[in-house]
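Participant: For reference, the structure I am asking about is given below.
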Amino acid sequence: MAVVEADLKKGKQAVSSNQKLSLLEKVSYGLGDAGSNLIYTVITTYLTFYFTDVYGLGAAAVGTLMLIARFVDMIDSPIFGVLIDRTNTKWGKSRPWILWSSFPFAIVSILLFMGPELSASGKLAYAYIFYIAANVLYAAVNNPLTTMLPSMSSDVQERTVANTFRMIGGQVGGLIVNLTLLPLVAYFGAGNQQKGFFYTMTLFAIVGLILFIVTFLNTRERVQNIAGQDQSLSVKESLKAIKGNRPWMAVSLLGIVFFLMYIMKLSAGIYYMTYTLEKPEIVSLVNTLSMVTVLGMLAVPFLSKRFSKKSLIITGIGINIIGQLIIYVGGHNVAMIILGTIVGGIGLGLPGGLLFALMADTVDYGEWKSGIRAQGILVSAAGIGIKLGSGLGSAIPAWLLAAGGYVAKQKQTDSALQMITLNYIWLPIVFSVLSILIMVFIYKWDKPHNEIVAELEARRAQV
């Protein structure tokens, strides 16, 4: 028993002394998500509107496109996870994928908004090709950002702080998009929205590419598998880390439901402001204010020292529900909508700042349970949930708009307005409640996470 305690103590000391991350590395890690969101926020928040109101595609067709693309993502994410687990380079397993994937992701994202003049079927085919390609390449560059986190440090608090930098970086990227996109579209387009979207996306993609390179250059992978750093895992071995990994199953479910809610609200906002409130001029303001999630994220490193990730996520989602109810009670009162957006945004900062840290934690649990550290397959497979949720969050609003008789650039019928309200207010509340239920009843550990990490470090010290 004394030997075990000594080994645990030795493991804890190794974590605390050898795997601290510099400020430069944390900032650089955050810039990777800033680069991702400079590009991907345009896609998640404005692409549905671009396809329906600028490029002239039908709402139902767009909804189906969004969902099909997510089913493709359900295939590509685990493939990238396996490839990452089997990658061994002087740069590590995850980092090289950021380098290899960032340039094609930037190019394809630009082409997605090029909007060539084609027949109706040609436009739809073009949208399918480049939207799916953009999502596959997003997985190729963004999955490594997530799989890299458990390899940067075994220190749970260091990972939580690094993840907070990442989430803040992502929010800053999204904030820049929401503050500047529509003004830039107007500036570059000079009355031509198609031209404006294309040149604006080109600008964001170039800046995003530069930030990806900064992330690659200034981050490192340190944590070794107990069996050795150069281990290349087979698919069968990687899957062992999933078997019996209840925290991973809960995080995967949470990814589906939480991102369904989050993307649904983001994509529905422009319709709610434009057609329900008849105040299109406040779209940029409300979307920008939703980025106050960064305030909740800033609190994560401090709150996580006193409260569990589970309790913080439940609290944050509960605050978001309050924000949604404020928006509903406010009706057409812009001040109440702004207040509800701020309250909900701050609440969402807690789960937003912790979800990817939870994914990293499940890697530790899988290694503790199976002896296999398979961050690639675990994180990428959990990412399937996020992508499925994001796809449904884009598809469901589009389908409901079509079911309500939505017609672009026209005064909407009562049924269409009801669907817009359902998308923006009520369904996000429903999925928020489901997220809380997942955390309360499914997310459970066999023993405290810090004890599991200490045991893993003790095992590594004996190898």
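Yeah, the Cβs are placed from backbone N, Cα and C, and that goes for glycine too.
Pasting the feature list from TrEMBL:
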type: DOMAIN; residues: 1-447; note: domain 'Major facilitator superfamily (MFS) profile'
type: TRANSMEM; residues: 54-75; note: transmembrane segment
type: TRANSMEM; residues: 96-114; note: transmembrane segment
type: TRANSMEM; residues: 126-146; note: transmembrane segment
type: TRANSMEM; residues: 167-190; note: transmembrane segment
type: TRANSMEM; residues: 196-217; note: transmembrane segment
type: TRANSMEM; residues: 248-273; note: transmembrane segment
type: TRANSMEM; residues: 285-304; note: transmembrane segment
type: TRANSMEM; residues: 311-329; note: transmembrane segment
type: TRANSMEM; residues: 335-358; note: transmembrane segment
type: TRANSMEM; residues: 378-402; note: transmembrane segment
type: TRANSMEM; residues: 422-443; note: transmembrane segment
Participant: Quick one: average pLDDT across the domain 'Major facilitator superfamily (MFS) profile' (1-447), no decimals.
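Facilitator: Mean per-residue confidence for the domain 'Major facilitator superfamily (MFS) profile' (1-447): 88 out of 100.
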Participant: Any contact between the transmembrane segment (311-329) and the transmembrane segment (422-443)? By contact I mean 3+ C-beta pairs closer than 8 Å, pairs at least 6 apart along the chain.
Facilitator: yes
Participant: Considering only the recorded stretches 54-75, 248-273, 285-304, state which has the highest number of Cβ pairs under 8 Å to the transmembrane segment (167-190).
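Facilitator: Between the stretches 54-75, 248-273, 285-304, 285-304 has the largest tally.
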Participant: Near the transmembrane segment (126-146), which same-chain residues lie under 8 Å Cβ to Cβ, leaving out any that are not at least 6 residues past its ends?
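Facilitator: Counting only partners 6 or more residues beyond its ends, the transmembrane segment (126-146) has Cβ contacts under 8 Å with 29, 32-33, 36, 39-40, 43, 47, 51, 55, 57, 62, 65-66, 68-70, 72-73, 76-77, 80-81, 84, 94-98, 100-102, 104-105, 108-109, 111-112, 116, 118, 166, 212, 215, 356, 359-360, 379-380, 383, 387.
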Participant: Which one, 54-75, 96-114, 335-358, 378-402, has the most C-beta pairs under 8 Å toward the transmembrane segment (285-304)?
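Facilitator: Top-ranked stretch among 54-75, 96-114, 335-358, 378-402: 335-358.
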Participant: For the transmembrane segment (196-217), could you work out the same-chain residues 6 or more beyond its ends whose Cβ comes under 8 Å from its Cβ atoms?
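Facilitator: Answer is 28-29, 31-32, 34-36, 38-39, 42, 46, 50, 54, 91, 95, 98-99, 102-103, 106-107, 109-110, 112-115, 141, 145, 173, 177, 181, 184-190.
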Participant: Can you work out which residues elsewhere in the same chain, 6+ from the ends of the transmembrane segment (248-273), have a Cβ less than 8 Å from its Cβ atoms?
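Facilitator: Result: 44-46, 48-49, 242, 279-280, 282-283, 286-287, 290, 313, 317, 348, 351-352, 355, 358-359, 362, 365-366, 378, 381-390, 392-394, 396-398, 401, 406, 420-421, 423-424, 427-428, 431-432, 434-435, 438-439, 442-444.
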